[in-house]
Every structure is written in C-alpha cells, then in structure tokens.
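Data block below; observations after.
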Amino acid sequence: MTENSDKVPIALVGPDDVEFCGPPAYATVTVKPSGPARLLKVGAVVLISGAVLLLFGAIGAFYLWKGSDNHIYNVHYTMSINGKLQDGSMEIDARNNLETFKMGSGAEEAIEVNDFQNGITGIRFAGGEKCYIKAQVKARVPEVGTVTQQSISSELEGKIMPVKHEEEALVWVAVGQPVQDNSFLSARVLELCGDLPIFWLKPTYPKEIQRERREVVRKTVPTTTKRPHSGPRGNPGPARMRNDSRPSVQEDSEPFNPDNPYHQEGESMTFDPRLDHEGICCIECRRSYTHCQKICEPLGGYNPWPYNYQGCRSACRVVMPCSWWVARILGMV
C-alpha cells in the first residue's frame with residue numbers, strides 16, 4: 001500500500017467535519033402553517049364584517065327614527081313688541097307633554113317652558129340671576145302630525161303676530177325666598193334653571209284693580225245668595241238672564257277640573273274660563289296672537305303705592321284659539 005494514502009477512521013472525525021455529511025441545502029423540508037394562525041385570520045375577517053354591518057344598521061335605524069318621529073315640532077315666527085320686531089320660536093314636545101317658547105336673542109332672550117304634565121311653568125331671562133316658576137293648569141299636548149304641522153305653519157310662519165300685553169292688569173312678582181326643595185320639578189325645568197336659584201311667582205294686581213275686584217265680589221255675593229228666593233216672583237227678564245249667564249258666576253259656582261278642561265254640552269263645546277285666564281288658549285279668538293306677561297322683582301323695604309315691584313321684564317308666548325287646540329286634542333282635525 002502507498003505510504004501517502006491517509007485513512008482516517010470514522011470515530012476520529014471531528015465536529016467540524018460533520019457538516020460535510022449533512023444533506024444539501026435544497027433538500028430542506030417545507031413546514032405547513034399551524035392551525036391557530038389560520039383561525040386568527042378568519043376571526044379577524046368575521047369581526048370586521050360584523051362591525052361594518054352594525055354601523056350601517058345603526059345609521060339606518062337613526063334615519064328611520066328621525067323620519068318617523070312626530071312627537072317634537074318647531075316653528076318660528078315674528079312678533080312686534082313696542083314697535084320692535086323680534087323673532088320667536090315654539091317647540092311642541094307631545095311625548096313629554098311640554099311646550100317651549102323663546103323670544104328675542106342675546107341679552108334680550110327669554111325662555112318659557114310649560115310643563116303640562118306637572119302643571120308648572122319655568123321662565124328664565126338671559127343674563128338674569130334668578131329662575132322663576134309658577135303654577136298653571138294641567139293639560140295634554142296633542143301629537144304633532146303632518147296635518148297639524150301644516151296648520152301651525154300656515155297659522156304662524158310668514159306673519160307678524162299681534163301682541164296682547166296687559167300693562168295695567170296682571171303682574172307676576174317673585175317671592176322673597178327661593179325654593180328649598182326642587183324635587184317636584186321636572187328634568188326640563190331643572191335643565192332650564194341650571195344652577196340659578198328658583199323663585200315662585202305670585203300674581204299681583206295694581207291697587208285700583210284690586211279695589212274694583214273687591215267691589216265686584218261684594219255686589220255679586222248678595223245677588224247669588226238671594227237668587228233662590230227670587231225665582232217664584234216671576235220672569236226675571238232678558239237682562240237678568242244675561243247676568244246669570246256671565247262667566248264670572250260660572251267660575252264661582254263650578255270648580256275647575258284640570259284633567260277635563262273641555263266640556264261637551266249638546267252639539268257645542270264649552271271651555272273652562274281658566275284656559276283663557278292662564279294664557280293656554282283664547283276662547284273668543286279666531287286667530288293666534290302673542291301673549292306677554294310682566295315678571296318683576298319685589299321692592300324691598302317701604303312699599304309706597306303703587307310702586308311695590310321693580311325691574312320688570314317681559315316673557316311672551318303664542319296663544320292659539322281654544323277651538324284650534326280642542327280640534328287637535330280630540331282628533332277632529
């Protein structure tokens with residue numbers, strides 16, 4: 001054998017020589033993707049598709065609700081107060097039994113919320129330091145359908161509303177102390193007042209009118225007490241019949257029912273006089289008008305007649321004919 005031939009035993013092969021014994025690089029085996037990775041991809045696709053469907057469903061439901069909801073309606077109008085044109089708006093919320101009136105803008109804005117469910121009216125003036133409430137009759141605001149919306153628009157929009165301001169009659173004056181417990185107020189009235197102190201309003205008449213009202217009461221009481229004894233004496237005549245049918249006598253003899261302000265008598269409809277007195281609607285009117293009321297602060301200290309209040313501001317609202325309201329409440333129109 002040749003001396004130069006080197007034979008190395010396999011047992012003597014070092015670790016550096018093992019790489020020569022391995023398979024070539026192109027002979028590596030391909031590994032298949034694992035199952036959890038595939039499931040993650042499928043889950044992500046399903047999740048994104050579901051989110052997109054929910055988004056489109058929410059958008060469709062919102063537009064469907066917005067188009068079919070007829071419980072809230074807004075109308076804007078123009079009124080003339082002391083020769084100055086001012087914009088106003090009325091919002092009817094039949095679902096919550098509320099009416100909201102806004103008059104003026106900026107520092108002259110006045111907001112009135114009528115809560116017919118609880119029989120409370122809330123009034124707030126821009127820049128004021130107080131919020132006012134007063135009691136009112138309870139009623140039910142009709143739902144505002146398409147026909148009613150057209151009727152309100154034709155009645156109010158595009159016209160200058162006449163103003164009825166009782167300068168020498170009724171004045172609302174705030175009491176001296178604020179309300180301590182406001183739990184009886186609705187959420188809408190509390191939202192209107194915010195953090196301002198809330199004061200009750202009490203009706204106040206000038207001294208001359210108070211004396212006239214007392215004189216009328218003195219003259220009316222003897223007449224009503226002697227009426228049962230005057231029947232057999234004969235026919236009282238047309239003049240006596242007219243006096244007996246005056247609304248003032250009906251107000252004294254019939255209690256006011258806030259749950260049924262409309263009474264059916266035969267084929268005609270009669271209205272409770274307090275609906276007109278409280279400014280809910282107008283019994284004798286054939287068209288709507290703007291009713292303004294004076295909200296004043298009490299004059300502290302010595303109160304010389306007739307200056308027992310100060311700092312008066314006006315809050316105005318639209319008053320519709322009672323026949324217009326009852327037609328919609330009873331579903332006649």
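Quick reminder: no glycine exception, Cβ is built from N, Cα and C everywhere.
For reference, Swiss-Prot has these:
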- 42-62: transmembrane segment (TRANSMEM)
- CYS131-CYS193: disulfide bond (DISULFID)
- 212-269: region 'Disordered' (REGION)
- ASN243: N-linked glycosylation site (CARBOHYD)
- CYS281-CYS285: disulfide bond (DISULFID)
- CYS282-CYS322: disulfide bond (DISULFID)
- CYS292-CYS316: disulfide bond (DISULFID)
- CYS296-CYS312: disulfide bond (DISULFID)
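Least crowded of the disulfide-bonded residues (CYS285, CYS292, CYS322), judged by neighbouring Cβ atoms within 10 Å of its own Cβ: CYS285. CYS282 (disulfide bond) sits 15 Å from CYS316 (disulfide bond), taking the Cα positions as reference. Nearest by CA distance to CYS292 (disulfide bond), out of the disulfide-bonded residues CYS131, CYS193, CYS281, CYS285, CYS322, is CYS281. Looking only at the disulfide-bonded residues CYS193, CYS281, CYS285, CYS312, the one with its C-alpha closest to CYS322 (disulfide bond) is CYS281. In this structure, the disulfide-bonded residues under consideration are CYS131, CYS281, CYS282, CYS296, CYS312, and the one with the smallest number of other Cβ atoms within 10 Å of its Cβ is CYS312. Cα-Cα distance from CYS296 (disulfide bond) to CYS131 (disulfide bond): 12 Å (rounded to the nearest whole number).
The separation of CYS285 (disulfide bond) from CYS193 (disulfide bond), Cα to Cα, is 33 Å. Spatially, by CA atoms, the disulfide-bonded residues CYS131, CYS312, CYS316 include one closest to CYS285 (disulfide bond), and that is CYS316.
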